[in-house]
Every structure is written in structure tokens, then in C-alpha cells.
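Straight from TrEMBL, the features:
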DOMAIN    B:27-213  domain 'Electron transfer flavoprotein alpha/beta-subunit N-terminal'
REGION    B:180-213  region 'Disordered'
BINDING   B:228, B:254-255, B:268-272, B:285-292, B:306  FAD binding site
């Protein structure tokens with residue numbers, strides 16, 4: 001029975017509660033001065049790693065949180081460590097660079113190989129670019145099994161059983177370590193970091209790396225030509241009662 | 001509404017790109033099927049392929065696909081159908097699907113691969129993209145040219161137009177962005193595809209699909225959705241389901257309703273659930289968080305019943321009724337039946 005070395009990928013994104021605003025130049029979302037937090041699906045990944053440790057105490061050797069992004073992404077790693085990750089690795093890029101899922105997958109592959117990870121958690125998607133790609137790409141590059149949109153993970157020896165959410169219900173997959181798992185919302189309810197744990201997290205090791213350390217270059221396949229607000233729906237017409245509602249729906253030819 | 005604007009813009013830009021690129025452009029469309037039937041979302045991806053111009057080949061894999069291939073050959077616009085008749089592909093496991101797809105993409109020299117942005121497409125295509133060392137363009141709602149696509153970001157709060165420099169474009173198409181292709185009238189040829197028989201490291205064990213006699217959520221013309229305001233599962237079954245049945249509608253739910261156990265996960269409408277665009281969407285007891293709106297705001301007509309007149313749902317509802325849903329919904333059900 002192999003020891004478990006868990007890697008959790010985390011991304012810093014615009015806080016989910018904030019309404020994104022398109023910038024004046026129509027080139028992207030205005031993030032200046034806006035609160036940024038850990039992508040909610042990544043939090044679920046960390047939480048699941050911590051729960052695995054609580055359940056398989058002697059087997060888990062290490063829970064490592066990794067983030068790739070500008071220097072500020074270390075805040076996200078500290079949050080992960082406050083939740084219970086042992087240490088963090090920040091793969092730093094400049095504020096002006098953008099990482100695409102394929103590059104992130106290559107970075108994570110390099111980190112996972114260096115760390116001899118055998119379980120990798122990622123969120124199923126980040127709530128900014130909504131791509132839903134990185135985990136699958138990483139599994140493909142590593143040649144590992146993948147289980148995306150997981151709502152339940154069971155580890156029994158080297159056997160891993162994952163329930164995943166699919167169109168119309170759920171399905172259950174069985175595989176062996178190593179595995180890449182991406183988290184769905186229903187996998188768990190992430191814990192809040194307590195104040196003492198936030199203090200302790202400040203002392204946990206955080207290693208900083210550059211893309212060059214892994215021999216990876218920023219490769220940008222996509223060029224964003226423009227970003228616009230979606231067409232505004234003209235709504236807001238209220239009716240007095242059920243009869244008026246039925247009449248209006250008939251008038252709109254949907255009844 | 002949004003859908004239409006997109007399509008209008010599309011038709012125009014399409015004409016240009018078709019003229020310019022029709023010689024070199026060739027698309028492989030991935031066919032999803034269940035119980036011998038092609039999934040509706042797949043037909044939408046084929047319509048998207050016709051907008052690109054160039055030749056369209058279709059790929060399907062699984063047991064019994066040899067027979068199904070003849071049906072696929074009749075889909076309007078499909079020139080050639082490639083099939084792999086092998087039960088190993090039945091469960092759509094990406095570990096075996098992705099290498100098979102990659103081999104056929106290389107062999108056929110395709111410039112584009114299109115797949116529905118479904119659970120299967122989202123799971124498999126990025127793995128294939130990594131094996132081809134290309135990016136994937138996820139969840140497109142518009143095509144501006146052979147390498148330029150529009151897609152929603154930030155839960156649909158912004159629409160990005162992106163241009164890719166990858167030689168092979170792997171694209172997933174939002175199911176509500178295009179009309180489905182006609183399933184009759186085509187006359188494609190049928191041919192066996194390459195089957196590398198890549199073994200999957202994962203085994204499929206079981207599935208639990210929610211059974212329903214009502215229309216399937218993602219393709220339904222009418223949807224009635226319930227939210228937290230419905231209060232419990234009993235009320236959901238007593239109020240939402242009869243209204244849906246009276247309208248011949250599919251049943252949907254907000255994340256709050258699903259998380260509270262009022263309705264099954266598979267009924268969730270929103271950024272993390274299904275994205276729908278029916279003719280009529282009735283939101284009952286749903287406040288209208290952006291997470292939910294991302295999944296339904298392209299519906300043609302939105303009706304809302306909520307006792308809070310300031311709920312954000314009213315800002316986008318075409319017909320809003322500020323009322324206690326426990327009185328209004330039974331009354332509406334009765335009047336719709338009459």
C-alpha cells in the first residue's frame with residue numbers, strides 16, 4: 001500500500017460574490033482594487049485532501065498546495081495552509097502574463113513528478129475563465145486516470161472509487177493510484193480557517209519557483225480580441241395577479 | 001434574445017470565412033449517442049460545424065455503432081461517418097477515447113474537432129487536446145471565423161471573443177447556441193475508423209440516472225424551476241411538479257433547492273448545473289443569483305413568481321408576479337390546465 005502524497009492545485013480569482021465588470025477598453029475584466037479569493041472549487045479540493053488525511057492518518061505523507069500566477073497568489077496558498085495543507089509552492093509569473101490551462105497543466109505535471117505525488121486535486125473549473133480543462137489536460141500529460149466532477153471519493157488501499165456527476169445523474173468509476181480528480185460542488189463543504197490556524201499557516205514553508213525552473217515557457221495560444229457585456233435583457237415588467245400573468249404569457253405566445 | 005443576435009452576426013461573418021477557407025478546412029464532429037439515438041446536443045455541434053464551412057465528418061464509437069452510422073450519415077451536412085464498433089468506448093472513458101480521437105484526427109488531417117459541451121465532451125476533449133499539444137476552446141456560443149470564437153466567461157457576465165493560433169482547433173459547443181441539425185436529408189458515406197484499442201486505466205462500475213417521464217431538461221421547450229422559496233421537498237413535489245406537468249414542461253431547480261435536497265442534482269440550472277434556453281422559463285421562489293442566471297438568461301420568455309419584489313430575478317423576468325408562491329402556483333396550475 002503506497003503512501004499518499006497529495007497535490008492540490010489552487011487558483012486566485014475574482015471573489016465569487018462580486019459582479020465582474022468589463023473594463024472600459026473592452027479588453028478584459030477590471031480587477032483593480034477588487035477582492036480576489038481562492039476559486040471555490042479549489043477550496044473543495046483542499047478540503048477533500050485534509051479529510052483524506054483525517055481518515056487515513058498514517059498513510060498521508062504530504063499535502064502540498066500549488067498555485068501558478070502573479071506574486072499575490074501566495075495569499076491563496078496561505079489560505080490553503082490555514083485550512084490544513086502542509087506547505088505551498090508558488091510558480092510565479094509577472095502581473096502582465098496570462099497562463100492558459102495547457103501551460104498550467106504542464107507546470108503541475110512538472111511539480112507532481114518532482115514531488116512524487118499520487119493524488120492530484122483540482123477544481124472542476126475556475127470561475128473566471130470557466131474553461132474546465134486543466135485537470136483533464138494534466139491527466140492526459142501524465143498518462144494517469146482521471147475522474148472529473150467528483151461528488152464522492154473513496155480510497156481503499158491503492159484502489160480509488162469516485163462518484164462523478166454526469167448529465168442526468170451520477171456514475172461510479174474505479175481505478176488505482178495515481179489519479180487526477182477534479183471536484184464538483186457537492187463533494188464537501190470546505191471548512192473555515194480558524195484564527196490560530198491562519199497564524200500557524202504563516203510559518204509553514206512556501207517555496208517560490210519560476211517557469212524557467214521547470215523549463216517551461218509561457219505559450220499563449222489564445223488572443224483575446226475583445227470582452228463585452230452580454231446583451232442586457234429587458235425585463236422587469238410586473239403583473240398584478242395570476243390572471244394577468246396568464247394573459248401576458250399568452251400575449252407573448254408561450255402559452 | 002442573445003442567441004438571435006449571435007446568429008445574425010454569425011451568418012454574415014460565416015459567408016466571409018467560408019469563401020476564404022473552404023478548401024483547407026475540415027471538421028470532425030464527435031457524435032454522442034445513447035440507446036441507439038444521437039443526442040440532441042450533438043446535432044447542435046453539427047450545425048456549428050456547418051457554420052465553419054468546409055467538409056464535415058462525424059465520428060462515433062461504441063458497440064453497435066456500425067448500424068447507428070447509417071443513421072448518422074443521414075444528418076444534413078455530414079459527408080462521411082467514421083465509426084468504431086467496440087464496446088470499450090461505450091462508457092465514454094477519456095483514457096481510451098482521447099487516444100482514439102487523436103489517432104483519427106491525425107490520420108484525417110482535420111483542422112477542427114467539434115463536440116458538445118456536455119459531461120462527456122468536457123471530460124474527454126481536454127485530455128485529447130493535451131495529447132495533441134493544443135488548447136481547447138470551451139463552450140462557444142458563436143463563430144466569427146475559422147479561428148475566432150465567442151464564449152461566455154465569469155458565469156456569463158462577459159462574452160469574450162478569442163482567436164486561437166493552434167493548427168488544430170478543439171472546440172466544445174454550448175447546446176443552446178445553435179439549432180440542431182436536421183436528422184434527414186443527408187447522404188454521407190460510412191467508413192470504419194482507426195481503433196488503437198487503448199486500454200483504460202479506469203473501470204466504469206455503475207450509474208444512477210434520474211428517471212423521468214417529463215421532457216429532458218436541456219432540450220425542453222418549457223421549464224418550471226423551483227428555488228429555496230419552495231421551502232421543502234414536499235412542497236416542491238406538490239407545487240412545482242404539477243405546474244410543470246400542466247405545462248408539459250421539464251422540471252428544474254436552483255442550487256439552493258438542490259443543496260437543500262428538494263430536487264435531484266441533475267435538475268440544477270445554473271453555472272455549475274445545466275445551461276438552458278427554453279421558450280418559456282418559469283422561476284418559482286428563486287431570487288436570481290448570478291450563478292442561476294448564467295444558466296437560464298437566454299430563455300425566450302422568463303416568468304417569475306416571488307414574494308420579494310426586489311429579488312434580482314425581476315430585473316430580467318418578462319412577466320413578474322410578486323406573490324406568495326403557495327397561493328399563486330396552485331392557481332396558475334389550475335388556470336393553465338383549464
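For all residues, glycine too, the Cβ spot is worked out from N, Cα and C.
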The one of B:228, B:292 whose CB sees the fewest other CB atoms within 10 Å, among these binding-site residues: B:228
Other CB atoms within 10 A, centred on residue B:289 (FAD binding site): 19
Residue with minimal Cβ packing [other Cβ atoms within 10 Å] among the binding-site residues B:268, B:271: B:271
Same chain, 6+ residues apart, C-beta under 8 Å of the C-beta of residue B:286 (FAD binding site), given in sequence order: B:225, B:226, B:227, B:228, B:229, B:254, B:292, B:304, B:306, B:311, B:313
Integer average pLDDT (0 to 100) for the domain 'Electron transfer flavoprotein alpha/beta-subunit N-terminal' (B:27-213): 96
Assigned conformation of residue B:268 (FAD binding site) - DSSP reduced to three states: strand
Three-state secondary structure, residue B:289 (FAD binding site) (per DSSP): coil
Structural state census, the region 'Disordered' (B:180-213) (DSSP three-state): 0 helix, 11 strand, 23 coil
